[in-house]
Amino acid sequence: MGGGLFAPPPPRRVRRPGPPGALELAGVRDIDSSPPPQCKANSLNLDSVVQPLALNPWDVVLCISGTIISCENAIVVAVIFYTPAFRTPMFLLIGSLAIADFLAGLGLICHFAFVYCIQSQVVNLITVGLLVTSFTASVGSLLAITIDRYLSLYNALTYYSERTVTRTYIMLILTWGVSICFGLLPVMGWNCLKDVSTCSIVKPLTKNNLIILSVSFFMVFAVMLQLYVQICKIVCRHAHQIAVQRHFLATSHYVTTRKGISTLAVILGTFASCWLPFAIYCLLGDYTYPALYTYMTILPATYNSMINPIIYAFRNQEIQKVLWTVCCGCFSSTMPFRSRSPSDV
């Protein structure tokens, strides 16, 4: 497999006895040596290289994915930013998710360009820091949205208050503060550029760094799972109470409850199927493992940022109306918006 996102860690420059050409550095022989054999990449490499890299199809796929992710989320960010009605806590959290996913897509594009064009260790460290920050903020924003949905149901009478706005800003500050701290770690020196033996499957992140990120993900996933279980219980209880008060048939109550639970299952199932394979492999994998395994697990993780706008933004009726207004002029730009709770999203 060619260079690019994944390449074997560069060995130390050591002269060994042997025929001409035995001196190698990052897979490149001396000028007098014969052409090197094709090497198979083992680890995610964000280092600079000595000579131009062969174009890796996996890197092309990631770059295309990053382009789609950036375009999708740029639309969401623009809609929320230019619509005054979208200044509620719910849309602030959706906007935070869209910004994080937009930066993730932009990071994938920049990484592809820098690896194959600039080839600088400093630039690549900054790029991987951006990717760590954006993906961490994306997962953190999903957790914040889940918390907001739960509180909107649990405290339905007091949800629309100043406390909700303050709580939303606190969650956003914590989410982005922690994400930026994680992203600065490889840039500030916690990387494996000087000690290849400490590398993880995602170079230049160290094994310990990736373990911390993976454990943090599992903690976030556990909290989200518990919150969605509680949301399902509240939805079932509310649906039953409404059915009793309005004398609905049991079938209607069952259909309403099943629809709500199915929606929550799709949301949580999508998140788990995208991120769990990569999180598990981060704990079990090693930088000596074939790069194919890392590509096969990290690609679905990027797809989560591609699916998020569809689940959390484009399904929202208010956002749909704004998009129709911009694209087709089907609605008046001064149309009123019905205030909705996060549980409606």
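Cβ coordinates are placed from backbone N, Cα and C, and glycine is handled just like the others.
TrEMBL annotations: computationally assigned, not manually curated.
As written in TrEMBL, here are the features:
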type	residues	note
DOMAIN	72-312	domain 'G-protein coupled receptors family 1 profile'
REGION	1-20	region 'Disordered'
TRANSMEM	58-83	transmembrane segment
TRANSMEM	90-116	transmembrane segment
TRANSMEM	122-147	transmembrane segment
TRANSMEM	168-190	transmembrane segment
TRANSMEM	210-229	transmembrane segment
TRANSMEM	261-280	transmembrane segment
TRANSMEM	292-314	transmembrane segment
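Taking Cβ pairs closer than 8 Å, the transmembrane segment (210-229) reaches residues 132, 136, 139-140, 142-143, 146-147, 149-150, 182, 200-202, 264, 267-268, 271-272, 275-276, 279-280, 282-283 in its own chain, all 6 or more past its ends. Between the transmembrane segment (292-314) and the transmembrane segment (58-83) there are 3 or more Cβ pairs closer than 8 Å, counting only residues 6 or more apart in sequence, so the two stretches are in contact. A contact between the transmembrane segment (168-190) and the transmembrane segment (90-116) is present, since 3 or more of their C-beta pairs, 6 or more residues apart, lie under 8 Å.
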